Amino acid sequence: MVTGNGSGIKKRGCACTKQDFLPEESFQSWGNYVKALASTRARLKDRLLTRSNDNLELHQMRARSEHEMKKNLNWWDLIWFGIGAVMGAGIFVLTGEAARNFAGPAVIISYLISGISALLSVLCYTEFSVELPVAGGSFAYLRVELGDFVAYIAAGNILFEYVVSGASVARSWTSYFATLCNHDPGSFRIHVSSVAEDYSHLDPIAVIVSFFVCVGACLSMKGSSRFNSVATIVHIVILIFILITGLTQANTANYAIFAPNGVRGILKASAVLFFAYVGFDGVATLGEEVKNPGRDIPIGLIGSMVITITVYCVLSATLCLMQPYSQIDVDAPFTLAFQAVGMNWAKYIVALGALKGMTTVLLANVIGQARYFTHIGRTHMAPPFLAAINGKTGTPVNATVVMSLANSVVAFFTSLDVLANLLSISTLFIFSLVALALLVRRYYVAGETSECDQKKLIVFLALIISSSIASSAYWATSDNGWIGYIVTVPVWFLATMGLQLTVKEARKPKMWGVPLLPWLPSACIAVNVFVMGSVDGQSFVRFMIWTFLLLVYYLFVALHASYDAAKETDRAAEASNMEAVVTN
């Protein structure tokens, strides 16, 4: 657990005290807390303007965990973690809903659009994760380039993203397990009529599965990697079986109406299916455990995403060839599709493959979210006891257990139907911020970038963001209009070109860099924001409510905790420098 000065971790056995949650000076007494609240404005300004740096994230932040994570992973492990983290959730959870309710057979295009958007984000993540191989992933990247406050808002959405996706997959595990046992998908849930409908179908099996996954993630990272690799390889074999067997039952007449709801339906499905690619960012959190980040991370991240996009498109096309899109089951589309074409025996293999895929997704999910919150705990924006690394296992046991509990609570009660689109907003928002941070990293270095270039960078980034938002808003509010794009698209294009031609690149990547700079990160922002325009308005309202709750916690707790921890780090660094001067 974290000591009072916030600079290290101290073991306290199994007992937890106030010092484990709020060890900072501002929370040692009510008087201190009142003084801290009175300084909120000055502290907020400090946190808004102060950015972290590579050295701080790579060394001093890690030191707060006392023990280091073990470097056991290579590119082969990362490829299978990338596939295991993603494949299962999308193809087995939302393909049925997207095809039946929005895109029809054109769901293959929806998967491709979401996949390309995700791949653009993968390339941005890859450069960061090679340069900053730390457990914090996007949280650490944003702290370095956009500051503490933006990183905190992203962290809150990362929390939401992982909890909802983990809970959703756990509940889907129950649905497929029920079909494997010849029951209806929802028959193993307990219905409580006295509770609101969206929370009345209790799922104890989802909690049990989450518990066993949590235990495996706590015991050994290498063991988890081996299990994931074996299970994912078996999963790929079953997916190949689904593809070959499904195509034997293909009926091209099912493609007679390819896009029943037109382009708008395809893009609405794309927004929902972005959920299918949630999880790849968790691979970036494994940076501290990779033997050779410069080689292994690019191969692992990019390779796993290309494989995933290809498999998703091919399997969704096969599903729509097997069954008319209007008859596809929303809860267990592949299992019941085989049953519908008279291959009842095949549904057991499909259900087994789905269970294996979802198990690896759950494992990768809890591994990723635990490492995110280990680093967030290091900064004291989250309770610092989350930062502890177990000396024997080399894993963040505290963070793993806490996040597994959160997953279990949501999975037990919530149907998650109303949260799927909100999850897409959170994910797209984070990916857009990472792309923006990459542009800032490449074109701005404090003390080196000229004032003229700094002003031009701000103007061009503002134009890229505003034109992307305008295109998205125009898409969301106009039925069949196209005139607005005559303005918004050229503004985005000229702003990106202006950034390339008139602003000097301030930093070159040391080992691996995003190609086609600044076009690729700029396109990433534009595509992610545009896809957000297909999400329903109610989800944006929920997103704003969630962001408001994050702000409340930040102003009353996280701001003061992180401020104290940062000042303590500064004092320790000054003392170390003075000691070095005296010694010399």
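Counting starts with 1 at the first residue shown.
Including glycine, each Cβ sits where the backbone N, Cα and C put it.
Marked as transmembrane segment by TrEMBL: 73-94 (among others).
Under the heading transmembrane segment, TrEMBL lists 106-128 (among others). Residues 90, 95, 98-99, 137-138, 141, 258-259, 265-267, 269-271, 273-274, 276-277, 280-281, 284, 297-298, 301-302, 305-306, 308-309, 312-313, 316-317, 320, 325, 428, 431, 434-435, 437-438, 441, 509, 512-515, 520-521, 523-524, 527-528, 531 of the same chain, all 6+ positions outside the transmembrane segment (106-128), place their C-beta atoms under 8 angstroms from a C-beta of that stretch.
With a threshold of 8 Å between CB atoms, the same-chain residues lying at least 6 positions outside the transmembrane segment (149-170) that come near it are 44, 47-48, 88-89, 93, 137-140, 142-143, 203, 206-207, 209-210, 275, 278-279, 282, 358, 361-362, 365-366, 368-369, 372-373, 376, 381-382, 403, 406-408, 410-411, 414, 416, 419-420, 422-423, 426-427, 429-430, 433, 546-547, 550-551, 554, 558, 562. Sequence annotations record features per position, and here TrEMBL assigns transmembrane segment to 149-170 (among others).
Under the heading transmembrane segment, TrEMBL lists 202-220 (among others).
The annotation transmembrane segment is assigned in TrEMBL to 266-287 (among others).
What TrEMBL lists as transmembrane segment is 299-325 (among others).
Within the chain carrying the transmembrane segment (345-368), a Cβ under 8 angstroms from the stretch's Cβ atoms is held by residues 81, 84-89, 91-92, 137, 162, 165-166, 169-170, 172-173, 176-177, 179-180, 209-210, 213-214, 216-217, 221, 224, 227-228, 231-232, 234-235, 238-239, 241-242, 245, 279, 281-283, 285-286, 332, 334-336, 338-339, 400, 403-404, 407, all 6 or more beyond its ends. Taken from TrEMBL, the feature transmembrane segment covers 345-368 (among others).
Within its own chain, the transmembrane segment (422-445) has Cβ neighbours under 8 Å at 117-118, 120-121, 124-125, 127-128, 138, 141-142, 144-146, 150, 154, 157-158, 160-161, 164-165, 168, 271-272, 274-275, 278, 281, 453-454, 457, 461, 465, 499, 503-507, 514, 517-518, 521-522, 524-525, 528-529, 531-532, 535, 539-540, 542-543, 546, counting only residues six or more beyond its boundaries. Among the features that TrEMBL reports, transmembrane segment is placed at 422-445 (among others).
Among the features that TrEMBL reports, transmembrane segment is placed at 457-476 (among others). With a threshold of 8 Å between CB atoms, the same-chain residues lying at least 6 positions outside the transmembrane segment (457-476) that come near it are 267, 436, 439-440, 443-444, 449, 484-485, 487-489, 491-492, 494-496, 498-499, 503, 522, 525-526, 529-534.
Taken from TrEMBL, the feature transmembrane segment applies to 482-499 (among others). Residues 439, 443, 456-457, 460-461, 463-464, 466-468, 470-471, 474, 518-519, 522, 526 of the same chain sit 6 or more residues outside the transmembrane segment (482-499) yet have a Cβ under 8 Å from a Cβ within it.
Within the chain carrying the transmembrane segment (511-531), a Cβ under 8 angstroms from the stretch's Cβ atoms is held by residues 113-114, 116-117, 120-121, 123-124, 126-127, 130-131, 267, 270-271, 274, 293-294, 297-298, 424, 428-429, 431-432, 435-436, 438-439, 442-443, 464-465, 467-469, 471-472, 475, 492, 495-496, 499-500, 505, all 6 or more beyond its ends. Marked as transmembrane segment by TrEMBL: 511-531 (among others).
Regional average pLDDT for the domain 'Cationic amino acid transporter C-terminal' (512-562) in the model is 88. According to TrEMBL, the domain 'Cationic amino acid transporter C-terminal' annotation covers 512-562.
Sequence annotations record features per position, and here TrEMBL assigns transmembrane segment to 543-563 (among others). Panel annotation: around the transmembrane segment (543-563), residues 22, 24, 26-27, 33, 36-37, 40, 43-44, 46-47, 148-149, 152-153, 156-157, 160, 379-382, 384, 422, 425-426, 429 of the same chain, lying at least six beyond its termini, place a Cβ under 8 Å from a Cβ of the stretch.
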(message) DSSP on the domain 'Cationic amino acid transporter C-terminal' (512-562): how many residues come out helix, how many strand, how many coil?
(response) 40 helix, 0 strand, 11 coil
(request) Could you give the residue numbers and ranges of same-chain residues that sit at least 6 residues beyond the transmembrane segment (202-220) on either side and whose C-beta is under 8 angstroms from one of its C-beta atoms? (result) 166-167, 170-171, 173-174, 177, 188-192, 227, 359, 362-363, 366-367, 370, 390, 393, 395, 397, 400-401, 404, 407-408, 411-413
